[in-house]
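Enquirer: Pasting a structure below so you can have a look.
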Amino acid sequence: MAEQITWTPIKEFREILFTQHGGIAKISINRPQVHNAFTPLTVQEMIEAMDICRNRTDIGVIILTGEGGRAFCSGGDQSVRGHGGYVGEDTVPRLNVLDLQKQIRSIPKPVIAMVAGWAIGGGHVLHVVCDLTIAAENARFGQTGPKVGSFDGGFGASYLARIVGQKKAREIWFLCDQYDAQEALDMGLVNKVVPLDKLEETTVAWCHKILEKSPLALRMLKSSFNAELDGQAGIQELAGNATLLYYLSEEAKEGKNAFLEKRTPDFSKYPKFP
Ligand code: S0N
């Protein structure tokens with residue numbers, strides 16, 4: 001029998017829902033009337049929720065999704081696109097979704113895009129930067145930039161090309177066509193396709209499988225995958241994790257203890273591994 005999935009609120013927001021089920025956090029864009037297009041506030045709220053997920057040691061995996069079953073996200077809300085970015089209540093134009101993309105990549109926990117319906121434009125890029133994507137049969141994917149006067153030449157182009165290859169990525173951006181879930185699976189853009197009524201159940205089952213695994217191993221793997229592609233920022237992430245592991249060792253603690261005890265550290269007892 002299918003598991004009864006109950007989602008408990010973590011924090012109230014205006015444009016997203018932020019809930020948890022055990023060690024799984026779910027961040028869901030709650031603007032179904034515009035196919036979950038994002039405003040600067042939506043993005044700011046997702047950034048805050050992601051930051052909470054990073055800092056909560058009981059959260060091991062994050063689901064990113066959209067409410068309503070008809071759209072994951074349709075990108076930037078064109079009705080608030082102004083001169084130089086998307087404009088919020090403070091009247092300042094922003095492209096703060098770029099900060100969210102970097103955050104999804106660097107958070108040391110797997111992020112799964114759970115896609116029903118449209119994943120379009122900046123919404124498509126959001127699923128691209130997630131670690132895994134599980135799609136419902138009604139999912140449709142595509143970029144619209146050159147059609148609506150924009151483009152994302154960052155992860156939206158280069159990382160997309162890493163996933164589907166240069167020719168396909170250029171096709172996706174140059175033609176602005178839409179691709180169904182099976183086509184997305186065939187090009188390696190998503191990990192699995194399931195019926196819409198099985199989408200959450202399957203995603204949660206994948207989350208449980210991930211939660212059974214070693215969190216430090218997952219953390220090291222995510223930063224290792226990133227390091228190859230992300231230049232100095234990727235190396236910094238991987239090296240930060242190496243430092244975290246080193247801090248856990250008796251050898252590193254000897255350095256700190258010697259300083260606090262005002263003595264010369266004795267590293268002689270620690271092996272010089274081959
Ligand atoms: C998703 C589409 C294909 C769905 O078509 P469908 O099913 O016919 O529904 P519609 O009737 O079109 O939509 C239902 C209602 O939702 C509104 N709506 C849909 N998408 C948006 C949107 N993005 N912004 C505002 N409203 C939206 C419709 O208007 C409709 O409302 P009503 O019922 O009142 O008429 C289709 O909807 C579609 O093509 N949508 C637009 C997709 C799009 O072009 N998105 C923007 C792409 N650009 C970005 O996302 C930029 C992201 C960004 O921030 C960025 C980042 C880095 C670098 C650059 C950028 C950059 O600015 O490009």
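Each residue, glycine too, has its Cβ placed from N, Cα and C.
Per TrEMBL, the feature substrate binding site maps to 74-78, Tyr86, 118-122, Thr144, Ser150, Tyr247, Lys262. Residues or ranges marked as hydrogencarbonate binding site by TrEMBL: Gln143, Thr144, Gly145. The annotation site 'Important for catalysis' is assigned in TrEMBL to Tyr86, Tyr247.
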Enquirer: If the criterion is a C-beta within less than 6 angstroms of any ligand 1 atom, which of the recorded positions Gly122, Gln143, Thr144, Tyr247, Lys262 pass it? List them in sequence order.
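Expert: Listed by sequence, the hits are Gly122, Thr144.
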Enquirer: Would you list, in sequence order, the recorded positions among Tyr86, Gln143, Gly145, Tyr247 whose CA lies within 10 Å of the CA of Gly122 (substrate binding site)?
Expert: Gln143, Gly145
Enquirer: Whole-number Å only: compute the distance from the Cα of Trp118 (substrate binding site) to the Cα of Gly145 (hydrogencarbonate binding site).
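Expert: About 15 Å separates the two Cα atoms.
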Enquirer: Taking the centroid of the Cβ atoms of Gln143, Thr144, Gly145 as the hydrogencarbonate site, which other residues of that chain lie with their Cβ within 8 Å of it, listed in sequence order?
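Expert: Checked against the 8 Å cutoff, the neighbours are Gly75, Ile120, Gly121, His124, Gly142, Pro146, Lys147, Val148, Ser150, Phe151, Asp152, Trp173, Cys176.
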Enquirer: Could you list the residues of the same chain, at least six apart in sequence, whose Cβ is under 8 A from the Cβ of Ser150 (substrate binding site)?
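Expert: Residues satisfying the criterion: Gly76, Gly121, Thr144.
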Enquirer: By the DSSP assignment reduced to helix, strand and coil, which category contains Gly122 (substrate binding site)?
Expert: helix
Enquirer: When you tally the Cβ atoms that lie within 10 Å of each candidate's Cβ, which of the binding-site residues (Gly76, Gly122) has the highest tally?
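Expert: When each Cβ's neighbours within 10 Å are tallied, Gly122 leads.
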Enquirer: Check Gln78 (substrate binding site) against DSSP and tell me helix, strand or coil, would you?
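Expert: The residue in question, Gln78 (substrate binding site), is helix (DSSP, three-state).
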Enquirer: Between Tyr247 (site 'Important for catalysis') and Gln78 (substrate binding site), how far is it from one CA atom to the other, in Å?
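Expert: With the alpha carbons as reference points, the distance is 47 Å.
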Enquirer: Which one, from the recorded positions Gly145, Tyr247, has the smallest tally of other C-beta atoms lying within 10 Å of its C-beta?
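Expert: Checked Gly145, Tyr247; of these recorded positions, fewest Cβ neighbours within 10 Å: Tyr247.
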